[in-house]
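Visitor: So that we are looking at the same thing, I have put the structure below in structure tokens.
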Ligand SMILES: O=c1[nH]c(=O)c2[nH]c(=O)[nH]c2[nH]1
């Protein structure tokens with residue numbers, strides 16, 4: 001005998017763009033990709049071919065557009081919560097709504113030394129990602145984050161003192177290149193309902209600014225003894241800067257740059273302190289992850 005032990009479904013990669021026309025003649029734009037996934041009393045679609053409780057994925061997509069028209073899309077934490085809350089209010093047989101909003105960068109152009117009223121550029125590939133989960137009778141949990149933030153430092157990083165045995169080939173280094181693509185998430189203390197999210201709405205954008213600033217400044221300033229230590233320092237500072245955040249997760253690939261021995265070419269020196277030309281490695285890469293929690297923080301409502 002088999003049983004459906006878990007199911008959810010929805011629309012992924014819903015692309016949405018919203019323009020806000022301000023009274024002063026300037027315009028604001030927001031482009032995002034939304035994923036909605038619903039759980040609830042839906043099993044019979046899988047097990048009995050009965051679709052009566054299925055809110056079509058097309059309906060979910062249309063809902064994203066309607067909600068984007070009726071409500072603010074900024075900050076994305078609010079928009080994701082509005083959508084999740086809507087699905088629970090609209091459909092009594094839906095018990096959990098997962099909403100992911102990925103924001104694509106459009107930075108206002110500077111033209112003639114002034115912010116342009118309606119022209120924007122993509123000046124970085126990093127994404128702001130928000131995941132809201134609205135559960136019936138369980139409030140709303142929100143995870144905010146950044147992904148795809150590519151950084152490199154050409155010095156100011158070391159790695160030594162690590163465990164050595166008969167499998168070890170890696171030499172210790174006191175000066176190396178460090179590069180990673182930052183993925184970080186900060187988990188907010190759960191919200192009782194949409195009204196509580198609205199009350200805290202002013203906290204979301206500054207938290208995003210702080211988390212990005214802390215990540216970049218720590219990366220640049222610390223003489224890093226390891227990716228492990230650097231990410232821990234970043235997470236600690238985010239917890240200190242944003243009181244409502246319970247824990248911070250980092251996932252950092254270590255993107256290696258290997259020295260190239262060119263001594264075969266007339267004794268050309270390109271290793272150790274003479275290294276200038278390196279071979280960037282696409283794979284394999286190190287992958288270092290951690291979660292740093294506020295002491296005494298409770299993950300439950
Ligand atoms: O910062 C680092 N952490 C590691 O765990 C590790 N392992 C490795 O080979 N290089 C590095 N660098």
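Placed from the backbone N, Cα and C atoms, the Cβ positions cover glycine too.
Annotations for this protein, taken from TrEMBL, read as follows:
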ACT_SITE  11  active site, charge relay system
ACT_SITE  57  active site, charge relay system
ACT_SITE  256  active site, charge relay system
BINDING   57, 159, 176, 227, 254  5-hydroxyisourate binding site
BINDING   57, 58, 159, 176, 227, 228, 254  urate binding site
BINDING   57, 254  O2 binding site
Visitor: Tell me the coarse DSSP state (helix, strand, coil) of residue 11 (active site, charge relay system).
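Guide: Going by the DSSP assignment, residue 11 (active site, charge relay system) falls within a strand, counted as strand.
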Visitor: If you measure from the C-alpha of residue 57 (active site, charge relay system), which of the recorded positions 176, 228, 254, 256 fall inside 10 Å?
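Guide: None, since no candidate lies within 10 Å.
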Visitor: Which chain-mates of residue 176 (5-hydroxyisourate binding site) that are at least 6 residues away have a CB under 8 A from its CB, listed by sequence?
Guide: 155, 157, 158, 159
Visitor: Using a 10 Å cut-off on CB atoms, tell me which of the recorded positions 11, 159, 228, 256 is the least crowded.
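Guide: It is 228 that, of the recorded positions 11, 159, 228, 256, has the fewest other Cβ atoms within 10 Å.
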Visitor: What recorded positions in the list 11, 227, 254, 256 lie within 10 angstroms of residue 58 (urate binding site), counting C-alpha atoms?
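Guide: Correct set: 11.
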Visitor: Taking ligand 1 as the reference and 6 angstroms as the Cβ limit (strictly under), which recorded positions among 11, 227, 256 are close?
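Guide: With ligand 1 as the reference and 6 Å as the Cβ limit, the list reads 227.
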Visitor: Any idea of the Cα spread of the urate site, 57, 58, 159, 176, 227, 228, 254, as a max distance in Å?
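Guide: About 51 Å separates the two most distant Cα atoms.
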Visitor: Name, in the order they occur in the sequence, the residues of the same chain whose CB lies under 8 A from the CB of residue 254 (5-hydroxyisourate binding site) and which sit 6 or more residues away.
Guide: 178, 179, 180, 227, 285, 286, 287, 288
Visitor: Counting Cβ atoms within 10 Å of each candidate's own Cβ, which of the binding-site residues 58, 227 comes out highest?
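Guide: Neighbour-count leader: 227.
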Visitor: From the Cα of residue 11 (active site, charge relay system) across to the Cα of residue 228 (urate binding site), what is the distance in angstrom?
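Guide: Here the two Cα atoms are 36 Å apart.
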Visitor: In whole Å, how far is residue 11 (active site, charge relay system) from residue 256 (active site, charge relay system) when you measure between their Cα atoms?
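Guide: Here the two Cα atoms are 37 Å apart.
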